[in-house]
Amino acid sequence: MCEPGFARRREEVTGLNRITEKGLKDICKRDKLYQTPRLNDVLYLHFQGYQCIENLDEYTELKSLWLESNAISEIQNLTKLTKLKCLYLQNNLITKMENLEFNRELDTLNLSQNHIRKIENIGTDILPVLNTLNITSNYLTDSASLAALVECKTLSVLDLSNNRIDDILIVKIFEQMPSLKVLVLQGNPVVSRLPQYRKTLILACKELTYLDSRPVFPRDRACAEAWKREGYEGERKEVQRWNRAERRKTRESVNSTIRMRNRHLKPENQVPLLTSSDSEEEQKGISSAEKAQKRAEMEYGSVDTMWDEVSGESQASEHSTTSSTSAEDNESAGSQADHIAERISNRRVKPLEGRPKVLYDEAASGDVDSIVKLVTNKEENEQKDQNISEIEEQHKGKIVFIEEMNENQNASMGNQKAVSEAVETIGKPVAVDVNNTLSNSIVEPVNEQNNLASDQMEHLKGKRILIEKVDDIDPIKKELKYFDEAMQNKELKQTSELEELRDFTENLSSDVQEQAKDPSESDEEPTEEEMEVKSQLLKEQFQDRKQRLKEAIEERKTMQKNLEARKEDLNKSYNLFAKIMDDATDNVPKRVFGAGCDMPSKDWDKEECMQQLPLTSMEDSINGRPSSNDEDILTRPLTELTSAEAAEEICSQLDRKLAGEEAALRQLLCDLENENEILYSIETQIKYAESISVEDSQSQMVCASLLNDLISDVIYKDITEMGPNSYPLGPIESDEEYTYSEEPKLEKMVPPHLENPAGGKSLRECVDTFKEFFASKGNDKPRQESHTHLEKIRAAKALLKSKSLAEFSKDTPESLDAQLAKDEDRRKRHVAASAGRCFAKREKYDDTLEVVDNRLMVVKKDTGELEELPPPPELISDSESEKEVEEDDDAYDTAEETLQEYPRVPWTTPYKPKPRKAAEHLVNEAMQRILAEQFSELPDDTKENEPQEDEFFSLEAKETFGNLDSEFFQKLDLDKVTTANNAEAATECMRSYNELKACMKSGSTELQLTSEENEMLQEMLSSNEDLEAKHKSNDDPLVERDNELLNKMMQRMKEHEERARELQEQLEKEKEEENSGPIKLSMGEGSMLYQRWSPLSLTEIIDPQAEEGGRQAEEGGAQQEEGGAQSEERDDQAEGVPQAEEGVTQGEESVLQEEETHAENGVAQAEGRVLQSPEIYPIIGYEDIDDDDAASDFTTDYSSDDEVAVVVPPKISPAMLKAYYYDGFEEDMRMVRENEARTRRGLRAIMQKEKQMWKDNEEMAADMAPSPSPKEEHIPEVKTETETAKPTVETAKDKWAKIASRLNEFLDPEAMEQLESHEFGESDGEDDVDLTGLQNYDEESETECESALKETAEIGDSEKQENKTQDETLDPKDTEAITDVTLGIQRLKRQKLICQWEKIIPEDSKIGDGPTEKFLDQKAQDNPETTDERPENPKNFITLDYFVDTEPSESLEDTEATETPEVSTEQTLKTEQMEFNLDVLNDDGDVVIKEVTVEAQVTYQ
């Protein structure tokens, strides 16, 4: 359901409106707001089509204003809205942010979908509480357009999406916005250009909570900060930490729920809590267990962790992390110890992880030493097993013995004694095992020694664990004796073991180069007390082992020295290679820092190690020895330094290198400066010496004079060529001396290179040129090494004697300033006069002058193209300029104005014909036609000058002669008329055509020519006879037949004219009577003028190549004139003797009018042929009879006093015109004189033919005076008028057909298509209606009527074709004038002609049996080609005319009033309804068939 104001609202939206007080109140009423403006706090003005903001001063309490989707281009008139908080201006045409100083409470501003290129005027000083800014879909591009955001300290929401921002420096702007929380940048190129876009913006904006389409969570910010600190690895760890925290939080919430449930459940039914390795408690337990395990391993001599670091294995290997994977594995250390002991006992089965393979694969190598060691180890193992078994047996015996003892005495010390005894018994073989192992492994490499040491620690740990299991052993008496001593030994041993472990750990964590050092080197020698054993055998073995250990230690020291020497050699080679690499690359290696983390190279993973340079293999290649195994290459650390230290070392080397280069450059610059100082001192000395010598002489004056001359020329040229900014029209050249046409080619007295020495050069260029000239002159002659004072004096005297010295020295600054002022004043007057004159004559210029890019350009009127101005005139000499100063400024107005040689189109002002000047017209016409004959290879059109001036005698006659006629030529050339002026072009063409005929009237009794004109006419006639004889010699049979037909017409025309001269006085009286009578010749406004051409002109026009249709038209015109003459004889006979004189008068009048119309028709068709014929012959005609009562077409109406000579539109190309008019003045004048002579000869021939024609006309008029026939007494006099009406229509149609035949040359295809589908036009059958009037003539004129009807039928066919062409070519807009003319003729025919023919035809007459129908049938049989164009049944003609229907009764009453009683009218006008279907396109473009009923008057005959 529509709102009441919906219609009004729709009207407001349709167009652009303005905000008015009434409109605002209507909107408030529609939106149910207050009618009092100050009571409203919101106002909805969106989608209203407003152009500007206005009339809102009374709405002072507004807090929200909606102005979106309008056409607002400027923010204005908001000064009174001081409480405004929200302003919505999206979808408008705003280009600048301004005029918001008074809206200090503005919180939200929406300017999206506008044309803003820069953010401005919204800082905190202007809008202190601005919180939200939406400026999407604008034209923001870089950081400069966003720089004003730094001043918005309170802005928290910023939407910049869908702009054109591509500058990554905007991040710096966002960093300086302290309150920015929401930022939208999507849709800008910078999003893809900014690396790590989201992390970068999160780090830049500390308060950012929402970026683009996603929020910024604390987790995102924490990950971004971790990424900034530690790279991607730190970000990964941070993500894991947040994931654990989230899982812990979820688990705690679930456990709290479980605890709440378990409170109300029995213990056996309670649900266990969720546990995970990620919980902090479990992590703490794992970490504490790991710490305890490491502490125990340190105490008991385990070095697994240290070995992991040395071997490159990760600390998360199985053997070190099995206890950390779950809490259950960390319950007890005993089970793990048992597992290790078992694996130690079965080492041969599978080697332990982290141990070197050499310990287990020695037998595979087949080495004798390894086999010996394996055998020795086997024996030692057997001995250890035997000792263990003995100890177990001793334990059993001890247990039995203890049972027999007094339990009370030993109860207090059972466990301690057992432990001490176990230590004494078990420690001895362990020590021996250690010694044996060390003695056998002295010859092994450093790595193997370390492995063995770690293996020994494993044995110690295993034995220690076994001792802890012995809890049930009770001390015996012997053991109790040594209890105190054993405790002391135990303490000492533990201390020594801890020290050994500490020292060994330090050795293992040292550098790679110190790996060869014996880990037991710093071990203290065991004390005698510690090493003392009870067994003598063991004691001896211990001593032996001890001795071997000492030897091994000494040998190890020697090996260490050798290793250090070797290390030094390697360091030298490494340094040499590094130097070579630095010299080759001169850059820091790309992979110095190892996986992006600053850690020792020994902690790098295998992949990182593989990516480094294989220094070990390089070392091997340098030393010439084979490389070690692959695992050493991958696991051995590459450098002893961390990556940071390595980078610092490399940077320091580069700094030293750069410092050396910088020092070298500084030295080089110092040397160059010293050389420059030396050269400068030498040059200054030379210059000083030269200046002294110049001052001594007087040559300075000569140089100064030359420079002053050049400077004055340059300054004057700069002034004269000043740009057009200072003056409205710029430097327009003088029309008095210079034109835009080509200058005459004259030989210049001064060579071009000397004509203007300072042309186009600035002051600096002139000075440089003078310096080059001076230097070249000095270089031509080698300077003498020394100049004596005598030579200087001679040179000074020679300079003083120079002639130009006095002239140069007389100039003073004051005189030069006065000269410059005079030149400036003269230039201003020159420019002002030229500009004023040009502006005063601006109507004559086709083109306009406009300032484009600080230059004055010529803008073409028809095409709009820009062209450069012609070159300005040369500099005016001082003598000429002084004369111009004395002349009056108005003297420029007398200059002859000339036009540019550009294509022209008619102005939009109405065309006004000029008064005819007969002599000039004839001279120019003859000249143009002779020229056209000479240029027969060009297009077959002629040109004629518009007689604008009396004479063309001036110094620049050729330019004037060409330019004055260019406008008239363009008006006549239809090819150059643009499609925008089609109607105007058609009107201009018709006017020109009628002006031509008005100028060449041929019906007056005598030619009112002057003596000069008669002479020229005689010359033109003589030349015309020559041309006619030449033309007849080249005719073919077809042309001869046409000439015969035309000769017959000429004979009849001569008879008519002879008779017309005798009855001229009676004709004048008849005209007066006809003007006062009820039936007039005048057809009212819109009809054509009746004009007649002489037979001579028609004969001369005929072209051998003319079309057949044109010949038929001419033959029809001649034969219809014959028919008109014979019908006039019948009129005379019908009147009888008493009415003979009147019949003669009326018959003569009808004959003359018919002849006029047929001649006019022939002229139109002949002229149409002239437009297309390849050759042109002169057309010389007579003045037409201007009938004041003759109706004229409204397209050719003009004052009868104005007559202008107009010729056929020319087609001569502009290049040929230019070549003809501008080749030379003398040649032009010579051709003019020749053309004048030819014109005089042609005029004389025409005058002779004119006299003969009048004589023949008098004889013909005398022959046509017999008495009328009584059979035709009942035919009224209006018959002659009716006969005259048909040629009138034919003449108009011929004229328009001529135009229509050429309209397709300048109409676009769309207009032609519209014209083809046009519905209205002239009827093709109206000529047949007129033909029927000729069928009732008497049988006496049957022979003459047959020939007339034959040609008339051919004319009708040709007219049908012409009408068809006209309908197909004319545009509906262009045919409005044609339609009016056609309707006027048809209305006249309907009202007069048709009804009057009804009175002529008798009731009992049989139309189909007349001689005319018989002739038509016979002609149709003879000519089957033309039969197709005629109706099948010629006896029933039906013609449809488009007209405004009038009542048939009225026309019948009028005809009955004038009808004689003897004649009964036949009802031939009927109004019938006709139904037919039309295919019509609807609005959607679909074809719809509609049934249409039309009522029309149909004439049946």
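Keep in mind that glycine also has a Cβ here, set from the backbone N, Cα and C atoms.
Taken from Swiss-Prot, the feature compositional bias 'Low complexity' covers 313-327 (among others).
According to Swiss-Prot, the compositional bias 'Acidic residues' annotation covers 521-531 (among others).
The annotation compositional bias 'Acidic residues' is assigned in Swiss-Prot to 877-891 (among others).
Positions annotated as compositional bias 'Basic and acidic residues' by Swiss-Prot: 1027-1045 (among others).
Under the heading compositional bias 'Basic and acidic residues', Swiss-Prot lists 1052-1074 (among others). Helix first, then strand, then coil: DSSP counts for the compositional bias 'Basic and acidic residues' (1052-1074) stand at 22 helix, 0 strand, 1 coil.
The feature compositional bias 'Low complexity' is assigned by Swiss-Prot to 1115-1126 (among others).
Annotation comment: Swiss-Prot describes 1270-1284 (among others) as compositional bias 'Basic and acidic residues'.
The compositional bias 'Basic and acidic residues' annotation in Swiss-Prot covers 1347-1376 (among others).
Under the heading compositional bias 'Basic and acidic residues', Swiss-Prot lists 1402-1433 (among others).
Under the heading compositional bias 'Acidic residues', Swiss-Prot lists 1448-1459 (among others).
The domain 'LRRCT' feature in Swiss-Prot is assigned to 189-227. For the domain 'LRRCT' (189-227), same-chain residues at least 6 beyond its ends with a Cβ under 8 Å from one of its own Cβ atoms are 156, 164-168, 170-172, 174-175, 177-183, 234-235, 237-239, 242.
Annotated region 'Disordered' per Swiss-Prot: 245-346 (among others), in sequence order.
As annotated by Swiss-Prot, region 'Disordered' applies to 508-531 (among others).
Residues annotated as region 'Disordered' in Swiss-Prot: 808-827 (among others).
Per Swiss-Prot, region 'Disordered' is recorded for 862-891 (among others).
The region 'Disordered' annotation in Swiss-Prot covers 1021-1086 (among others).
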Beyond the flanks of the repeat 'LRR 5' (129-150) by 6 or more, those residues with Cβ under 8 Å of it: 90, 104-123, 156-167, 169-170, 172-174, 176-177, 184, 187
Same-chain residue ranges lying at least 6 outside the repeat 'LRR 3' (83-104) that approach it to Cβ under 8 Å: 46, 60-76, 110-122, 126-129, 134
The repeat 'LRR 5' (129-150) - residue tally per DSSP class, helix then strand then coil: 7 helix, 3 strand, 12 coil
Counts of helix, strand and coil residues, the repeat 'LRR 3' (83-104), according to DSSP: 0 helix, 3 strand, 19 coil
Helix, strand and coil totals (DSSP H, G, I; E, B; other) for the repeat 'LRR 6' (154-175): 6 helix, 3 strand, 13 coil
The region 'Disordered' (808-827), counted residue by residue under DSSP: helix, strand, coil: 17 helix, 0 strand, 3 coil
